[in-house]
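**Q** Structure incoming, see below.
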């Protein structure tokens, strides 16, 4: 902890922290477009261009906001709270080096529950505008979120126990140093549990379809159905960022290779080239983890809503097994 | 970082994962697919064990696993399900959520009873045996918790995968004759069970084994 505080005083560490946030913000729309592109290619279509995500955001930002007459002040500031909460939780996250911007003030549990704040305000936004779809989407989303959260915490505790800390930078450094295969069974089951909850939390296909606006099935889209203009842009951007946060967590926990551990020790010999190398490696890892999502989406049908708890229960049981196997 | 023992254990863990996924499956074709992928990981596990212990018989065993369990048996089971056109879902005695919970308890139990000195150093990879034991118990659980005959067969095949995994991890490879005998046995068993399913279907109009005790006039 002392070392981290010293690092904080280091100007370079702060610079790296800011660079990490910028990288997350920059590649978030790209990853979403990348997943869509792979899905299109697998379907035999040409697909939208890879930079469509940025164009969508810019188009939406330029448009004006239309609010319902029944909307209260919540609708006016909820989009900002959602976006900022995702952004703050991104600040807790060490991306390609262990110098997270806010690592001195919060650990991995703070990260999870800061995202939870965003989920809460998005649900409020859905119910606020007196549209029947909004409330429907909110209730579904809260059900999914409340069932996915214990699994996420158990997966995190699995790795917190193995590395004996909840500080997210320390967890990542330890995993990168010791390798991930000290507990292979635990590792596989935690990976699968994390896959299940990432799909559930981000509203990807077996749980929710991000592409359709079919009233019977939509969850995330139902909540932001009334959103327009820059409010919608903020919601879209937060969902892109949420996906990239989950992918970053997965890629640093489950594929701990690369120059991650090397950077904090060589801060004195701060080299620009190392940083660039680390960033390139990080983006490669993100693409590796984004590809299976596209394959799952193309090969599975959306689950009936009342079967989603079964799906999440599978993730819960897998995470419990992976947690308990550590102590056996 | 990635030594070969860990890799064997990793592949064994995937076999266990697909056994757990099997209990969560709602549909017959999904169950067959899961069984096929599980057998693929079993085949990879045996192959890597062969590399580790430098035993040529294990390569053959791995190849047989691939040919029979990944290709032949799933192909045959798919054919049977198409022929009798099973449109119904899997009917369980114990519902899916509870089955998955019980499976979790079974897995933890299997690891608990095999901990300590029992796992001696003669094993190829220490954590493969508890994994295999868990797969065996899950197979038995699928056999007793499902009503449909075809899922009971898949439970039996899962159990067999677990036994093969346990046997190879303990003995560093069975003798070739025993190996071929076991594979042949399982293959013939699956075919006979398939024929039996067809007979059950024609005489009872359902694959539900709980209806077999009804008297027929």
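Backbone N, Cα and C atoms are what each Cβ position is placed from, and that goes for glycine too.
OK, TrEMBL features for this one:
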TRANSMEM  B:6-22  transmembrane segment
TRANSMEM  B:34-52  transmembrane segment
TRANSMEM  B:58-78  transmembrane segment
TRANSMEM  B:90-112  transmembrane segment
TRANSMEM  B:124-142  transmembrane segment
TRANSMEM  B:149-170  transmembrane segment
TRANSMEM  B:176-198  transmembrane segment
**Q** If we skip the immediate neighbours and take only residues 6+ beyond the ends of the transmembrane segment (B:149-170), which ones have a Cβ under 8 Å from one of its Cβ atoms?
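**A** Same-chain contacts beyond the ends: 12, 15, 19, 22, 28, 31-32, 35, 38-39, 42, 45-46, 49, 58, 61, 65, 69, 73, 77, 80-81, 86, 90, 122-125, 128-129, 131-143, 182, 186, 189-190, 193-194, 196-197, 200, 207, 209.
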**Q** Okay, the transmembrane segment (B:124-142) and the transmembrane segment (B:58-78): do they have at least three CB pairs under 8 Å, pairs separated by 6 or more?
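**A** Since fewer than 3 Cβ pairs under 8 Å link them, the transmembrane segment (B:58-78) and the transmembrane segment (B:124-142) do not come into contact.
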**Q** Hey, which bits of the same chain come close to the transmembrane segment (B:90-112), Cβ under 8 Å, at least six residues off its ends?
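**A** Here the qualifying positions are 16, 19-20, 23-28, 31, 130-131, 133-134, 137-138, 141, 144-148, 151, 208, 210.
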**Q** Short question: which residues 6 or more past the ends of the transmembrane segment (B:176-198) have a Cβ under 8 Å from it?
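**A** Distant Cβ neighbours of the transmembrane segment (B:176-198) are 57, 60-61, 64-65, 68-69, 72-73, 76-77, 79-80, 83-84, 149-150, 153, 156-157, 160, 164, 207.
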